[in-house]
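Enquirer: Quick one: this structure, given as structure tokens, is what I'll be asking you about.
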Amino acid sequence: FKDSRFSNSCILAKCYCRWMWDNLTCWQPAKIGQVVWMPCPELFEVMSEENDEFGKVSRNCTEAGWSEMFPHYVDVCPFNENGTSPDMYYVSVKALYTVGYSTSLVSLTTAMVILCRFRKLHCTRNFIHMNLFVSFILRAISVFIKDGILYAEEDSNHCFIHTVECKSVMVFFHYCVLSNYFWLFIEGLYLFTLLVETFFPEKRYFYWYTIIGWGTPTICVAVWAVLRAHFDNIGCWDINDNAAIWWVIKGPVLASIMINFILFIGIIIILVQKLQSPDIGGNESSIYLRLARSTLLLIPLFGIHYTVFAFTPEDVSKRERLVFELGLGSFQGFVVAVLYCFLNGEVQSEIKRKWRSWTVNRYFAGDIKRRHPSLASSGVNGGTQLSILSKSSSQIRMSSLQAETPAT
């Protein structure tokens, strides 16, 4: 007797075949006598050559349950046997983006602490950077949560992963990804506006940037979740077969990438004009060197690398797309944190200033303890001792000056 999940069920005299997971495809419920056709699993599309043609497989819903598959996967789903095995390929990609997101998470968290700790670094530009860092952090966290829910067990039955918890994780994941794209767009928009406008009310603009960066993804993901719940409420919402509903998420992402690319080109043109200005010194080679450096710095900040596969069909170059977007893209947060925090001259000078101040205070505090043990044993800290001594010395200097000044 077959598993009750895969056998027939009858409700109100209507019999049907239940969900079935064959380790590659999730077969949806069907009425008895109905033939269900399914395309080749995405696994075969990733591990095949680009010019291979894929067919469809079918099962018949009978009174005894689902029939055997016809034709079989091996007959209509091409597979490159000489290439990397599917298990090794996916394990390698997952290991790559796990390392990438972990590295980005640590570096971005450190950068956030630095920017929040030093008050002199608090400005509109760094506030926008901090929001971008938060979006990268949330994106990394959402990826780890999604993997923990969907792929906690390798032999999990994907037909029955349809809990509210699982769907909520997918909603959170899409929100984090969409917010990350929008804050990349805001970085480009802010820099372009800064170069174009002479008088730039940054605080007022930052208010609208915040609404766009966090509010717009909220609306898009909420609309997507409502549409999925009413028209495509299948599984854990991790498979997007309904293209019309998926465009609610995909459309804003592509729009932000396209607009950012246009802003990137516009900023490069403005930089060329400014660098060629007679007011800026330097020979032609140094000008192009600065332009190249500025361009390389802007690429990770604007997410320009996403344009490589942004407007190509999703079924083209899937192997390269996974490695590029999941593998290399996971290190983007790390690169942004390094370029715009750790290597930032303003940040480095502030850290050095704080370090020198701490070193000097520690030195004088230790020197006071050695020369005046009574002060050290009184429980007064070094900073208080220094302030007392400085006040005393200033009072002594003022009294000596008054004594030296002749009376008029």
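Don't overthink the numbers, they just go from 1 along the chain as shown.
Keep in mind that glycine also has a Cβ here, set from the backbone N, Cα and C atoms.
Whatever TrEMBL says is automated annotation, not expert-curated.
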Enquirer: Select from 11-31, 95-115 the stretch of residues annotated by TrEMBL as transmembrane segment.
Expert: 95-115
Enquirer: Pairs of Cβ atoms less than 8 Å apart decide it: which stretch in 127-145, 172-194, 206-227, 247-271, 291-311 has the most with the transmembrane segment (323-343)?
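Expert: It is 291-311 that shares the most Cβ pairs under 8 Å with the transmembrane segment (323-343).
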Enquirer: Pairs of Cβ atoms less than 8 Å apart decide it: which stretch in 95-115, 172-194, 206-227, 247-271, 291-311 has the most with the transmembrane segment (127-145)?
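Expert: Per the Cβ count, the answer is 172-194.
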Enquirer: Would you say the transmembrane segment (95-115) and the transmembrane segment (291-311) are in contact under the rule of three or more C-beta pairs closer than 8 Å, pairs 6 or more apart in sequence?
Expert: no
Enquirer: Counting only residues 6+ away from its ends, which parts of the chain sit with a Cβ under 8 Å from the transmembrane segment (95-115)?
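Expert: Same-chain contacts beyond the flanks: 121-122, 126, 129-130, 133-134, 136-137, 139-141, 143-144, 323, 326-334, 336-338, 340-342, 347, 351.
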Enquirer: Using Cβ atoms and a strict cutoff of less than 8 Å, what residues sit near the transmembrane segment (247-271) while being 6 or more residues removed from its termini?
Expert: 174, 177-178, 181-182, 184-185, 188-189, 191-192, 195-196, 216-217, 220-221, 223-224, 227, 291, 294-295, 298-299, 302-304, 306-307, 310-311
Enquirer: Do any residues of this chain, six or more beyond the ends of the transmembrane segment (206-227), have a C-beta under 8 angstroms from a C-beta of it, and if so which?
Expert: 124, 127-128, 131, 135, 167, 171, 174-175, 178-179, 182-183, 185-186, 189-190, 245, 248-249, 252
